[in-house]
């Protein structure tokens, strides 16, 4: 990178700008902040300022945008864009990183296509010299989508969506308690003028009775259907009805459907006590969630890489996330598909609109439709006489109950009888098994912990009793939801198939643990909630350190031997170091870290945050590290330590975990239903092939089923972790953001893709 290469930013999301600035500086580029969006570009002068390392130091936990964002009339005119071009040329800026919605990004692309024309006019008018024009002959553009609506096609998640969902779910949870007390119907209006993503995911995450989204207006006569559904719910003993409305909801003939209109309908026809809540701008505010901070950081790094690799021939691109992978997409293709959705909606092609929104949106819609059947299918599906049992194994975590609820309801829809096993394998051995019904799991999505009860015991010592109870209760298939113990327990049952024929049933393991250490999956249910708990605690700790100055906090996180929580929380909270088992560290490394903090105390940022995974090293304990830092920092900084402990397993599940749990639960039972058909011979179920016992996991871009036996090779059983872990590749980002001089591994090179091919199975 030549040092004359300069990058500039327009942003309304801080985490990405922090990462872009720091990685930009790390590569040797000059980085400028443009304050107040395109307006700042036109006004120039003090609005375009050099960014420094320290100037982005507390940005992580700030919502909104520190450098301001503004809608700009001047930039829409050619004169305005000419002035903007002149300001950039004078500073030698040729790379533009734009964070905004589709309007801002389309504007950026237009600016780029006109660039050479604008420069020619500036030379003619003697505003810039020929030499200056030559030096800045191309403008490279990379976009990051910052929009809470998640309305930009081609990206699974835009920066800010997850935080908006956090705000909405907080409100839903609060409303649920008052509505339960008073037997009320609540109508909640969320943002989304042209896109129903927030409304849809909210409905999925809280098990709403009805959702109105612009992409899929309700059928004719929906008024009767809605009232029928609400009445049925009350008759089943439910004290609460929730209806979610996107602000852009409309009927088939294009008339708006407002929350007031729905309230009038419910009150007049049913006489229910009904309240409406319009969330409005609350959704845009607050602290960014851990997911958004990590997404922002990863996208910020990807944006700098894309700019540095850009040539005059590469089209302007957006960096985004597909499943769990960073991708680059041509900006104008994304804008085009986004426009196609609007056109499809306007022309009444609603099925197309949902398809164009992408696989993740479509999956959310289909899962919601299936699970929201309020009339459990009494007649629709003939009973299959199949009994499917569900259990939780290992330590409790948030989101387990969402998976159980989805699995139970999906099973009932498929016509199976669902059984709940309490207290893990112990319960299976002792016969603590009972039928579980549609209504018995209502309201479970938002509950933390494990409602079924969970234990760490393994089946190995109880195989005799377990096989007897599988026969006694005629269990034909098993869903095991839990952590590393769930995987090992499933494996023990598969190995026991030779001896016990009863174990020859299809088994599916759903990873659910805060540690995220289950082989076969990039993510596990519960890790996102734990990450948010750690991050918000670290934010408070940093705030305290910022007040006292010259203070270093050492925080111990959970995770067993798996460094996922420490690493990701380190990235999300802006830690100076995160010690983990997977990346060996010795006294030399500790010395480098101490030295780094001593240097840091000379800058304006007089505080430090160090994370340590609980089992990262048997000898370099949290106390040892605390003592070492205290001794070495004498007179320059003082230390405090915090062991976070079991608070990391508790709390209400985050929107991500509710949604992930719901999708995993539903998908696991659909798979079991297919497997049961394959294994049905001579009037009974017999499953003894390796692929009849699988882990359902998220791999890069897809939810996949992998045989338990096949995953053995990739598992370190002694330390209870997978041998290959994707997140180790993003650890260097944390170090660069903490100003260490290291080499960034960019071997997983991201090439430009095309939108139409791109389909991801799992948005959040």
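Heads up, the Cβ atoms here are built off N, Cα and C, so glycines get one too.
Here is what TrEMBL records for this protein:
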REGION    1-373  region 'N-terminal catalytic PFK domain 1'
DOMAIN    18-306  domain 'Phosphofructokinase'
BINDING   71, 72, 101, 102, 103, 104  ATP binding site
BINDING   102  Mg(2+) binding site
BINDING   147, 148, 149, 184, 191, 192, 193, 247, 275, 281, 282, 283, 284  substrate binding site
ACT_SITE  149  active site, proton acceptor
DOMAIN    387-671  domain 'Phosphofructokinase'
REGION    387-764  region 'C-terminal regulatory PFK domain 2'
Residue 147 (substrate binding site) versus binding-site residues 102, 103, 104 - nearest by Cα: 102
Residue 104 (ATP binding site) to residue 149 (substrate binding site) - Cα separation in whole Å: 15
Candidate with sparsest Cβ neighbourhood (10 Å radius) among 102, 149, the listed binding-site residues: 102
Count of other CB atoms lying within 10 Å of the CB belonging to residue 71 (ATP binding site): 11
For residue 103 (ATP binding site), the number of other Cβ atoms found within 10 Å of its own Cβ: 11
Reported mean pLDDT - the domain 'Phosphofructokinase' (18-306): 87
Subset of binding-site residues (191, 193, 282) lying within 10 A of residue 101 (ATP binding site), CA to CA, in sequence order: none
Inter-residue Cα distance where the pair is residue 71 (ATP binding site) and residue 282 (substrate binding site), in Å: 20
Distance from residue 193 (substrate binding site) back to residue 103 (ATP binding site), taken between C-alpha atoms, in Å: 14
Rounded Cα-Cα span from residue 275 (substrate binding site) to residue 72 (ATP binding site), Å: 38
Residue 147 (substrate binding site) CB neighbourhood, other CB atoms within 10 A: 24
Pairwise C-alpha maximum, in angstrom, for the residues (147, 148, 149, 184, 191, 192, 193, 247, 275, 281, 282, 283, 284) that bind substrate according to the record: 33
Least surrounded among the binding-site residues, given as 72, 191, 282, when other CB atoms within 10 Å are counted: 282
Rounded inter-Cα distance in Å - residue 102 (ATP binding site), residue 284 (substrate binding site): 17
Maximal Cα-Cα distance (Å) across residues annotated as binding ATP, namely 71, 72, 101, 102, 103, 104: 14
